[in-house]
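Visitor: I'd like to ask you about the structure that follows.
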Amino acid sequence: MSKKPVAQRKQLTLSSFIGLDGNSQSQPKSRAASVRSKPPAVYNPIFLDASSSDDETTEISSQSNNGTIATKKSSRDPRTAKLKKHTYLDLSVSPLAKLSAKKYARDSPKKPTSLDLSVSPLAELLAKKSDRDSPKKPVQNENSYTYRGLSESPVENKSIGDTLRKPPQKERKTSIVWLSDSPEKKVTQNERKILDSPLQRFSFEDFPNKENGNRHHLLTLPDSPPPPQPVKKPEKTMWQNETKTIQDKDSPANPLVSNNLASISTLLDSSRAPNTYKGSSRNLFEDSPEKSGSGEQGYKLGSAKENEIPTKPATASLERNSVTSSPSPAAPLKPRYSVAFDNSLADYLKDLAQNDNFSIDPNKQNTETLKSTLGFFRNTYVELMEKYCSLIDQIPAMHFNEIAGFQPNTFLKLKVMRQKFKARTQLVQNSLDKKESQLKAEQEALEKEEIEMQAEQAQQTVLSSSSPEKSRPIMPLPKVQEIKDEKIPNRNQLIHDLCGEPDNFSPPSSPRDTQLIPKRQQLINDLCGEPDDFSPPSKQNDPHLLRKCEELVHDLCEEPDDYLAQSMMLDGDLEEEQLNGPTQGTTTSGMDDDEDDLEGLLAEIEDEHQKMQGRRSEFNGYSYKELEAVKVKEKHKETPINISLDDDGFPEYDEAMFEQMHSQAAANKSRVSSAGPSTSKSVVPTKQTSALHSQKLSGNFHANVHNDGITGEFDGQKFEHSTRLMHGLSYSFGLKSFRPNQLQVINATLLGNDCFVLMPTGGGKSLCYQLPAILTEGVTIVISPLKSLIFDQINKLASLDICAKSLSGEQKMADVMAIYRDLESQPPMVKLLYVTPEKISSSARFQDTLDTLNSNNYISRFVIDEAHCVSQWGHDFRPDYKKLGVLKKRFPNVPTIALTATATPRVRLDILAQLNLKNCKWFLSSFNRSNLRYRVLPKKGVSTLDDISRYIRSKPQHFSGIIYCLSRKECDETSKKMCKDGVRAVSYHAGLTDTDRESRQKDWLTGKMRVICATVAFGMGIDKPDVRFVLHYSLPKSIEGYYQEAGRAGRDGDVADCILYYNYSDMLRIKKMLDSDKALQYNVKKIHVDNLYRIVGYCENLTDCRRAQQLDYFGEHFTSEQCLENRETACDNCINKRAYKAVDALEHARKAARAVKDLCSGRSRFTLLHIADVLKGSKIKKIIDFNHHKTPHHGVLKDWDKNDVHRLLRKMVIDGFLREDLIFTNDFPQAYLYLGNNISKLMEGTPNFEFAVTKNAKEAKAAVGSVSDGATSSTADGQSGMREIHERCYTDLLDLCRTIASQRNVTMASIMNIQALKSMAETLPITEKDMCSIPHVTKANFDKYGAKLLEITSNYASEKLLMQAVLDEEEEQAAAKQRPSTSGWNNESVDWDMAVASQGNANTSGASGFNSFRAGKRKKIYKSGASKRYKTSTTSPAARKTTSARGRGGRAGAKRAESSASSASGWKSKKTGNSFGFDLMPLPGSK
């Protein structure tokens, strides 16, 4: 990944580095760049003496000789400058240390460009004093020197990063005086007097003046109190005021200082040269000029203190000095800036104000008018902004410094960026114009050449086919220049005018193609039946023209290859088509090819058109270019035509030729370009298939659902970051391609857009922000709800060598402080920082860190994982998530990504509203988890646990899963039951301590525990991809909750089971929990009850597809036919749909409602079960006691199944026709049935009330049996030994990863992706290159764990090769044994009677022998592989089972061996009992 070019840092003044910049709150950490391309923080190259105090400074400053040279302060007002003392241990580290010469581009070639202090008079004087005083004076009294900036400092070339940044000392006041002198002038006697005087605490700074070549000298004086704000008087300059202030203060106490100041003032007046200001080319800071990126002097982008608002410009005093060269009091100040206005601008604005578009009422106009008006306003706005910016560009940025809140650096960056875009736009436009001109020139050349060729061919054709007696006059051909001027007609338009518009016709791409010359237009009108004023050159029945048409048809059909190239290809692939650029419409080859001369064929086309009497030709769908591209054979002599034609003059159908052309078309299909639409029908299925495939990936959402993932805006690799993106994907993550919508999301967020990403579990949401994080400078803040998820993600990224950290309360203080220090560095090393929402809402320290990062532009983006927790309409609302909306308000320019796997349309909108995401891009993927098999089974008390235990024990030992329970008590009871039945299980719920929960979760993740019995809170973000089953022992609380919980199975893409055990009483238990929660508001409680009714309806529905019900809840269309495409994963309703039939149950529901009305009126209360018994006609004691058996409602549904009656009443409750009121009796809820609020709709209206009832027993049994047989049928695998090798290899790889994960105290997924392990077991790599070519395997994780994994795969690869060799050898032997038996068919001496008599015994023994051989062969294969791996050889079945159990997965191997033996014996008995004829091989799939 290429590094960004590092912009050159601005050289700051020494005073700005040490804090003497007029800002009392200046801290070292505030000197940060505001652009991301800024290099790491630099420090002051001068070591400061932090031990010196203010008293020592004052003391030493009062001493003689060795004073300190004051540092120049880069404040806005020089009169408030302060003095700072700096001492050095040695002169070699002081700023006056001799360094190599440094040249400046602004220096003239005539004057010296180096700053060599060793030969200057000032350096000699200072060196003498240093030599004389250094052995006597302490270190604090060493002279120190200041320079106007690091660019002038002798230590500027030293490594800045090696120095230390010292905190600023207490500031002292100084006054700044500028001195000027010519470059040739030496130090005068007055100056030497000044140097030799007691006032030695000043410094001369030499730097060239760009205007007049003079050198300015800076004199800094100490111990001056801050002068009062002087009254602005034009007659006095700033320098005079300052000098007067110093004299007033120092003259009573120190006359020598006054004299020296007077001499300095005289020297200033005599030697100061005028210094004119040159507009915007001057820098904002005179002491640090530097070229910006745009070529203008200004703020260096990314410089320290860039956006601080000064009270006065830093160069205010310098500007006054440069403007006033003499102290003349009455000299007026000339304006420093000039702005040039366009004289026509006023008229332009007046015209715009009077434009008619301002009077348009948007509410009364149609769509086309509004689009036109919108285009006008957009274009005019761009034009206005260009004129506005041209004026603003003429005003220097320093002019706005006095405006409160103005950020000069941001202003200059905006200006530079606008200029870059403007220049880039102009560059692209110039390139486009150049290419268009070249293309136009090429087209004109081709037009000229092709017209000449057409003219020559037409003349030759007419001459060769004409006779002296009957010669038709040749129509004059227009000249090339004349044709260009007349604009040759478009051929497609001509075909349209001649024969009508074809079905697949597309309009011309340019107006130029629609223009026809008058002569040709008139001719076409005549041909198509309009008023005729044109006389054709020949008669209608001219035999010569008929012969010409027949010749043309013959030539077209005589060349099948050329005809095929035009009529059966998807799109034209001729080279001349590609030269004409991209085309549109179906006739791609003829859209732009409007330059040929058609006049030579118009008469023939007219005759043919009249002969056909309006009947359309099969060639009308093609362009003229396609017809003329066929070679026309030149015939010097007339030859007879040997092709039989039909009535229309076309060749009769020849089946042989058609098959030949069809085969050639298939061979040429790979060369066809797919750049444009095709006229061939063969492309339609291809495009429809791709569209369906894309639709399947993106999901078929409802019409009103917005999805930016399918618009194409963010598709492809056409962006500047695309190259780095693909490199990072391959290098850092070991992937070669993206999953659906991943590329679009990454492109959108790298372009700075806010994104809402909805992907199913296992869809790759993490990559959508992890890959952009490593491509962007700065920190990506990831907000995740669970610490366990954060822990897993950090370990996984650490294995990929990606720097990811987290902040939580459980970390050590040293680790936390190290992370905070890194976040304050520039730039931070951390790429992803994981935090919980509580950390953001409650930690003031972290909030301050975010502010610091944002001020330095080092926050790449915010990522909000599990964003459905934001919405109170969701199933897992968390209050701290709702507070995350402040992030967008506080950091509006930072992109945000919200990710979730479950969100209904209502929840999606609420998420965006809560997070304050306004212009957000939506990326929705299909909710369908095609590898999950959904089933709903009845829950029958305690026996259900036996069914669960039996189901788990029927699965392989390495299959793991989750059992969801409603309460803690259920979790404990279920886990105990599983352990009792031999299933390794553990419970997980909120009643355990954090240590216990973490330990149990780790045991389940690493495979020590096979099943975890947990409440619904478990599993969010759990990164365990090989979960093979998720069982719900109790009812979920909502459909979206069930979708997310069940979605934790099968994240590796393999088939997994999702089984829900349903009992209506679970719904009553959940309602009881909701009623007992007094903190719930009414509207929130109603939401939960509605969600509960939906999941009950999902379970009660026995006919509709389970997937369709789930996806419809999320706003996506799905059908039962799509579910049945893969019967292995089809839901139970789709498989068992034949066991039920849909009936119109409206009258039955009304009967049930009348029963409830009569039986439950007054104070009578009865449950749903009691009403069902009455409707069914039961005569239990309670019904007889209440005399309900005598009511007319008794037995009205006696023909129905009892379960169907229960389901009917439950459906009426869910639909609101009935209601259940919970009444608690001794803490046991009883649900009594009453009429619901919607009962009037049922009784008075005609609602659609379809209901599925069970068919009779025989029909149901036949239907279920037929489906079951089709679902359970499987084909025997002849390569069972090979499959066993791959399975054992996969088991060993899993065990190794679990062991490593357990040692490192991380999850197995953090070691290696589960898909990578499966690929390893399938491909069995033997080299590092082969291993690294597997997806998800990178150089980083291979260096850590690849060697051990490669050792396992290499061993199994050797075993596979040996087994393959044994298989090949035994197959050859079996084939050799079977060859002699084939000769018996021709033996006429066979005694067939004896054969029939002995058929039974002979056949039995033969079959037994054959089966024994086949079984022995397979056992021998397995034995060979085992003996190779385990260095042993066994012959007995018992010994072979023991050998299989020695390695890893031995228990599974023993079971496989046992099942193999049983299948072999079954095969043997089946053949023995059914073979009464020849000894034949069994059919594939039989046993």
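Cβ atoms are placed via backbone N, Cα and C, with glycine included.
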Visitor: Quick one: which of 569-588, 669-688, 989-1008 does Swiss-Prot have down as region 'Disordered'?
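Guide: In Swiss-Prot, residues 669-688 carry the label region 'Disordered'.
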Visitor: Of Ser197, Ser784, which does Swiss-Prot mark as phosphoserine?
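Guide: Record says Ser197.
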Visitor: Out of Cys1123, Cys1160, which does Swiss-Prot tie to the same Zn(2+) site as Cys1105, Cys1131, Cys1134?
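Guide: For Zn(2+), Swiss-Prot names Cys1105, Cys1131, Cys1134; of Cys1123, Cys1160, the listed one is Cys1123.
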Visitor: With Phe738, Arg739, Pro740, Asn741, Gln742, Gly762, Gly763, Gly764, Lys765, Ser766, Asn1313 listed by Swiss-Prot as binding ATP, identify the candidate in Arg424, Arg1028, Arg1048, Arg1051 belonging to that site.
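Guide: Candidate in the recorded ATP site: Arg1051.
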Visitor: Can you tell which of Ser74, Ser130, Ser322 Swiss-Prot marks as phosphoserine?
Guide: Ser130
Visitor: From the set Ser294, Ser509, Ser589, which residue is assigned the annotation phosphoserine by Swiss-Prot?
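Guide: So the answer, going by Swiss-Prot, is Ser509.
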Visitor: Which residue from Ser120, Ser251 is recorded in Swiss-Prot as phosphoserine?
Guide: Ser120
Visitor: Calculate the distance in Å between the alpha carbons (Cα) of Pro740 (ATP binding site) and Arg878 (site '3' overhang DNA-binding'), and round it to a whole number.
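Guide: A Cα-Cα distance of 29 Å.
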Visitor: Is any of the recorded positions Phe738, Gly763, Thr1015, Arg1051, Thr1167 within 10 Å of Ala990 (site '3' overhang DNA-binding') (Cα-Cα), and if so, which, in sequence order?
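Guide: Close recorded positions: Thr1015.
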Visitor: May I ask for the residues of the chain that lie six or more residues beyond the region '3' overhang DNA-binding' (1069-1072) and have a Cβ under 8 Å from a Cβ within it?
Guide: 966, 1034-1035, 1037, 1089, 1092, 1222, 1224, 1229
Visitor: I need the least crowded one of these recorded positions (Lys765, Lys1037), counting other C-beta atoms within 10 angstroms of each C-beta.
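Guide: Result for the recorded positions Lys765, Lys1037: minimum number of other Cβ atoms within 10 Å at Lys1037.
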Visitor: Reduce the DSSP letter at Thr1167 (site '3' overhang DNA-binding') to three states and note it down.
Guide: strand
Visitor: Averaged across the domain 'Helicase C-terminal' (944-1093), what pLDDT does the model get? Just tell me the whole number, please.
Guide: 87
Visitor: What does DSSP give as the helix, strand and coil breakdown of the region '3' overhang DNA-binding' (1178-1182)?
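Guide: Summed over the region '3' overhang DNA-binding' (1178-1182), the classes give 2 helix, 0 strand, 3 coil.
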Visitor: Most Cβ neighbours within 10 Å: which of the binding-site residues Pro740, Gly763 is it?
Guide: Gly763
Visitor: Would you kindly give the Cα-Cα distance separating Thr1015 (site '3' overhang DNA-binding') and Thr1167 (site '3' overhang DNA-binding'), rounded to the nearest Å?
Guide: 30
Visitor: Between the recorded positions Gln742, Thr1015, Thr1167, whose Cβ has more other Cβ atoms within 10 Å than any of the rest?
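Guide: Output for this query is Gln742.
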Visitor: Express in Å, rounded to the nearest integer, the largest CA to CA distance found among the ATP-binding residues Phe738, Arg739, Pro740, Asn741, Gln742, Gly762, Gly763, Gly764, Lys765, Ser766, Arg1051, Asn1313 named in the record.
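Guide: Roughly 21 Å, rounded to the nearest whole number.
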Visitor: CB neighbours of Arg878 (site '3' overhang DNA-binding') within 10 A?
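Guide: Taking every protein chain into account, the count is 17.
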